[in-house]
């Protein structure tokens, strides 16, 4: 058989066929095969081209919709109340100057790039190498930045990396402590016998306080939840501490209190005529009542908190046989944690705070920061620690530190959860975070002398100063903002001070993973969480500076906006329906003819009024967005791989937040 022949055989006895392709037919065969392959290849290319071309309209449509959405947001933006209304506008001005310089530098770098000048390193050059005045100026700038600017940036970046290593070590130790608690199944225990259900006198006297201020959306459910607490009626008193400035709302809240009072609940309504000191002033005023001396414990529940009926049964017994325990704190649980991306990201942070920080500090130190609500205080501990003071916007942390300095111990119950709300709009969340990060710095200035003079051990003093205040309240926002919003963009224009890739990758990813471990279901949101936390660093850094130097906004208290979401339990829903059924009759019976006019206004105000929802434009975030995107463009010129992608996505994250495209819009 010829070498070029092809033989195909079939082993079966029937239908045996033999095909031979000789040399004379080989060219024809190859020609046909070539023609078929060409057609198949052409069709494959056409199919791929069709897929690629169909992808472009999809991108264009998505981009167009995004632009329309952004345009609408900008058109509806409430620019009259911009967040740069605070007295400390220095940071914003510095960012704008930095942005202007970076844009000018980028233009110069573009010229250098197209002139094929080296953008990444400096070498010795001779006058003969100079190609004109512009080239001479550029080379002079490169020499100056390499000799004078780059070393300073490198020192600052190394300092931030050291701070990160300390912070990560703290997080790692906290994680080990949490693992040990879970591994050994360690939980606070109750000493002594349980209260006798048949003997109400065996139960201690408990005061329940509900401070509120213009809480129209949540006042009914908060009052209803407190009135349904399982505790002997003659051993409990509920104080509704209303600081509302709306007279119509005051009538509604007073009427709600009267409804529950007629049902046999021991509840009173209290309104201050002189509303100073915010929440601290409200609580201080309530504790000055004469009847408070008859009570041993006080439970504090903010207006959006909905405790289960057994809340007091699970918390108050932990005081038995422990005269040195001053506080029992329950965990927060969020009814709207899956409402949008913003609430999901908040839930990650707060899960770490409650699951790790509070639990570990409670077990190993018997001290943690009071969360301001969902806790029960021994009234004696409050009185001996100086009571509620109006000197900061974090009155809860203030009283906790002073009680700790007086030798009182705290207990945290991770298994006792109280439902509450997370801010669903970025505006509300931003204001909340500003207060939460400026207040501790205020308090640190005020408490430092008292901490140094106190009689507690040196270890506890070191823990308060270096861990509780400096490391967790000051260092974290400082290095996060400085490293990723200042140093990293600078290194793109000063490549002699380039940050190592491990810093860009390891620092944020490690911190994010350590934070997200207590909420394993949130791992798909790791990258959004990383970017969002870096984006929030500008707010936290600004708040930290304003609190540390006591600037104007450090004393600003804004009540977090609520939506009125509840757990929708059958008991609560029944109570709300029952109260609404004879709400108007009660008002008519209690008010005079002039009050009937007020009733009409109440009806009008309670009627749903459709309002256009507005967003805001946040100038600091937008300025930083353009700054990071400018730096990303510069990194593209010098082929910085990971730096470019990090700056690009971080800049887009700032852009999304700056245009208020995260969370819900607010009316």
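Any Cβ shown, glycine's included, is placed from N, Cα and C.
Quick look at what TrEMBL lists:
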DOMAIN    298-492  domain 'Glycosyltransferase 2-like'
TRANSMEM  90-114  transmembrane segment
TRANSMEM  148-166  transmembrane segment
TRANSMEM  464-493  transmembrane segment
TRANSMEM  499-517  transmembrane segment
TRANSMEM  621-637  transmembrane segment
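The stretch from 90-114, 148-166, 464-493, 499-517 that makes the most Cβ contacts under 8 Å with the transmembrane segment (621-637) is 90-114. The highest tally of CB pairs under 8 A with the transmembrane segment (90-114), across 148-166, 464-493, 499-517, is held by 464-493. Mean model confidence of the domain 'Glycosyltransferase 2-like' (298-492) amounts to 94 (pLDDT, 0 to 100 scale).
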